[in-house]
Each structure stands twice: as C-alpha cells, then as structure tokens.
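So TrEMBL lists the following for this protein:
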type	residues	note
ACT_SITE	B:His37	active site, proton donor
BINDING	B:30-37, B:148-151, B:185-188	ATP binding site
BINDING	B:Gln61, B:Gln154	(R)-pantoate binding site
BINDING	B:Gln61	beta-alanine binding site
Protein chains: 2
Amino acid sequence: MKTETTIQGLSASLNPARASRKIIGFVPTMGNLHEGHLNLVREARKLCDVVVVSIFVNPIQFGPNEDFDNYPRTLEQDSHLLAEVGCDIVFAPSVEQMYGHQPRLTNISVAEITNDLCGLQRPGHFDGVAVVVTKLFNIVQPNYAFFGQKDYQQLAVIKQLVRDLNMPIDVIGVPITRAADGLALSSRNGYLSEQDRKTAPTIYKTLKLAEENLQKGQNLSDVLVQIRADLTAAGFEVDYVEARTPMLQKIDQFDQDVVLFVAAKLGKTRLIDNLQIKHSS
Amino acid sequence: MKTETTIQGLSASLNPARASRKIIGFVPTMGNLHEGHLNLVREARKLCDVVVVSIFVNPIQFGPNEDFDNYPRTLEQDSHLLAEVGCDIVFAPSVEQMYGHQPRLTNISVAEITNDLCGLQRPGHFDGVAVVVTKLFNIVQPNYAFFGQKDYQQLAVIKQLVRDLNMPIDVIGVPITRAADGLALSSRNGYLSEQDRKTAPTIYKTLKLAEENLQKGQNLSDVLVQIRADLTAAGFEVDYVEARTPMLQKIDQFDQDVVLFVAAKLGKTRLIDNLQIKHSS
C-alpha cells in the first residue's frame, strides 16, 4: 500500500492504472477509521481493481463552533487498518495541498435536500462537502465512489451532485455498520463518556421500535413523537426526529418506503442515525 | 466528422480515443459560428488528437429578458464550417438531453470576479455558464478546453472554476478575432442594423485610442471617461467602461498590465469588447 500526500504524487501513482483502463474505486474519509469505513473499503475491493482511500479532515465543512480542531487525526493507525483490508493507495493531503494559497472563489450548493435535517443545524456544511467531494473526484477520477448510508443526507447530496453535473462516476451507498448493541459506528462515538456510550444505543432501539409500530399500523406522526419522547427520557437533547422518502421528500403517512432520521446530543456529542423501512404494498 | 446528439452517443464515439490515450480538445460554443469560433477550433486542432465542438444554446445562462428564444440556431451551416477546419465530433444535444426531466438542484457560483462587469447586468449568468461548462467538461472529459478572450470575464470564471475544483483540464484562452474594421466577432453582431454595423467598430477604435493615450501618460480614469464620452457621442448606450488587472482586480492607475472592458448597446444589441494593454515596467 502506498501513501501519497500530494496531488501530483497521487496522479503519478494512479497513471499506470489509468493507462491500463483499470477500474478505480474511491472511498473519501476524514480518517479515524472504524469498521464502518473498512466496510466501504471492502465493498470497493470487491468491485474495483485499484482502491484509493482519502483521509482529509475538510475544514470548510465544519462550522465555526464545530470540532474541526479537535477532530481525531490518527493516520498511522488508519494506515494499518487500511493495509489489512486491501486498500492500494492512501491519499492524505494537507489543507494547503487541497486548498492552496489563493482564495477559493467557487462554491457548490445543492438546494432543497440540504435545507433541513442536518442542513438546518449546520449551515454551509453540505456546500463544504459538495466542494471537497468534487475536488477529490477530479483529483482521483474514480469509476466508483463509496459512501456510508449512515450519513444518508450526505449520500443523497452526492448522488444529486453527480447526476446534476454529469460526473462520470457511480456512487455506491453502503449500509450502516453497527456495534453489537446497535449503535451506528461513527468517529464521534469516541467523544462519548462511558456512561453516554451505554445510553447511545437507545437511538437505534427507538428506531427499531418505531419500525415495529409502523408495521403494526401506528400513525407515522405518533411514531415520531414517541421516538422524541423516548430519547428525551433517556437523556438525549433531541435535534430532530423526521420521516422522509428515500429521496428526502417530506412524508406524512407510512404509505410508501420511509426513512426515519434522528439527530440528538449526549453531552456535547451529536449523534445521527437513520433507518430505512420498506412499505409492503 | 461525426455529429452526436446524445451523451451516450458521444461517449461511444470518444471511447476509442480515450482507450488509446489520445489528447482530446474541446471547444464549447452556442453555435452560429463565425471566424472567432473557427479560430478556437484551429487552435484545438494544433494541440490535440481529437477535437470535439459542442453546440448548445444553454437556457440557464440567459436572463428572463434576454435572447434565448431568438438566439440564432444554424446547426447545418455550423457543421459545414466545422468540417472544413478539421473538427472531429460535433456534440449538439437537446436541452432535455443536457438537463433531463428531474429538477436540477445543484448550482455553482464563482464569487468576486462575477460581481461586476457583465455580472452586474446579467445576474445568474455566470452561474449558468459555470454549471453548463462543468457538465460539458464531465461529459467530454477533454485534456484541453478552448475559450475566446472576447468573453474575458467568462474565461476568468472558467479558469477559476477549474483551479478551485481541481478539474483535470488545461484551459486555453484564444485572442479575439476581429473584422477588418476592428469589430470583435460575435454571434450577436448579426442582430445589428446596417447603420449600427457601421457604428459598431467605434468600440475598438476608442479602445485603441485609449491604449495610445495611456502609453502617452494620460491618467487611467480620464481615459475611461473619454471612452464613455466617445461611445455615447457615437450613439451607444454605455453599460460599463472599466479597467481591471488581468486577474480582474480593480485598478486605479496604469502602473501594471491592464485590461480595458466595454459593454454598450446599439439599439437592442449589447456588444462587449476588451483590450489587454501591457505596462512596460
């Protein structure tokens, strides 16, 4: 496995693969890798000849009061894990390498689907994601790119971006990887106190209970109220509990496939999760 | 020369060239081609193995009161001209082919350099240009793209876009092609009455006079006032007369290279021109 820290170095490493028309798979990450990321790499490994993983904590997708400075940077450990799951090239550029010294004047925004859920609490976040992902796509020029369904809204934004701009890339969404107790894996789980870590799986439990109640015929809005009540009772500060179609349109009734979304804080740590529920019509 | 009207058809036509690592050159146009466009194609022909010219009147770069519906569409004539100068593939998609049926949610904006000059009178214009050029770049995936310096601000926007988003494309600016009387060639010249066509070269004459006066040491702001006065006297309705650095920064004095910009109307026809003036320091 090679590690490249410059765009030029990465291009040099990828050129032989490009010349021989190999299938390039790309997994963009911010590092501090867990099994969720490694499952993305395993998926890429199945479909592609060459697997590139980027590790870049992207400053422009963090708000002024968010955790950019403290976001865990664990490149050495990440590299060991990536080598084990068959990554070919790690791309770990500096902020300077990605954004240079000249001011960036270009912005990319994806309307509507970024307006609510995490977009409400994190203004500019998805613009920052759209810009960095576009940059990375242009640098790596992959055939396939892999994103986790845990960041469901982010995945929807990337799919929309790729479609709207005719990017020659297939975007693959990979199901959420969960701990044995149901907690969706996330780098931010590492911020949780021991006590909060024990509380955190309540999110998934409430989502699974909601699924059961929906299948039993309970009203969608009642189910959402129940999730919020259960999380609040468990000690969460709830940011949102929402239901959407798989394409993120608002939905009032469980009369088609639905995705339930939760964002909630335990202490200072904001956790998100979602559950896709099939409608048996 | 082949003509393709679908993205899929174009890809099929380009795949052999891509597989054999040929250098692909791209000239995006809105058709109604004149010698200015043909000179872009000739430049592309010099540098590239395969030359693709797109002809697409892009609705999203026209304002509500602009000439989208009446913009001249002359595909047959354009095709003859392109065949003569050695174009390999004409890409002439429909609006539906480019934008599909689903709503486009993604926008691209380039700040600062789009705020004045043509950006002031044409809000949203450069966003529309940035989006369509990005789409075309992703569809054609050229090594080189060629743009005329007549649309100097557009060229600057594209260069910024390409740099900010790490697009793997070299953008080449090609000098303005002028009629014998100095008028910068433009598809919109065809809208001019016979009388206005005789007046139109005044723009270039005032710019050349301004150059002379600057080289003689006349004050930059006086020179700009003079251009405006001369154009108004000749019957133009002046939109702007401005001086900028080559990177489009504001400039007060002729103490470095400068570009003079004019936009002015004759009747309903808006003409633009510019002149780059070297500072001999």
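Heads up, the Cβ atoms here are built off N, Cα and C, so glycines get one too.
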To the nearest Å, how far is the Cα of B:Gly36 (ATP binding site) from the Cα of B:Gln154 ((R)-pantoate binding site)?
15
B:Gln154 ((R)-pantoate binding site) to B:Asn32 (ATP binding site): how many Å between their Cα atoms?
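On Cα coordinates alone, these residues lie 18 Å apart.
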Given the binding-site residues B:Met30, B:Asn32, B:Leu185, B:Ser187, which one's Cα is the least distant from that of B:Gln61 ((R)-pantoate binding site)?
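So, spelling it out, the nearest of the binding-site residues is B:Met30.
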In the structure shown, which of the recorded positions B:His34, B:His37, B:Lys150 has the fewest other Cβ atoms within 10 Å?
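Candidates: the recorded positions B:His34, B:His37, B:Lys150. Fewest Cβ atoms within 10 Å: B:His34.
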Name, in the order they occur in the sequence, the residues of the same chain whose CB lies under 8 A from the CB of B:Leu185 (ATP binding site) and which sit 6 or more residues away.
B:His34, B:Glu35, B:Gly36, B:Lys150, B:Ile176, B:Thr177, B:Arg178, B:Ala179
I need the CA-to-CA distance for B:Met30 (ATP binding site) versus B:His37 (active site, proton donor), whole Å please.
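Rounded to a whole number, the Cα-Cα distance is 10 Å.
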Give the number of CB atoms, excluding that of B:Met30 (ATP binding site) itself, located within 10 Å of its CB.
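If we count other Cβ atoms within 10 Å of B:Met30 (ATP binding site), we arrive at 19.
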Whole-number Å distance between the CA of B:His37 (active site, proton donor) and the CA of B:Gly148 (ATP binding site)?
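Distance between the two Cα atoms comes out at 8 Å.
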Restricting to the same chain and to sequence separations of six or more, state which residues have a Cβ under 8 Å from that of B:Ser187 (ATP binding site).
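B:Met30, B:Gly31, B:Asn32, B:His34, B:Tyr71, B:Pro72 - these are the non-local Cβ neighbours of B:Ser187 (ATP binding site), listed in sequence order.
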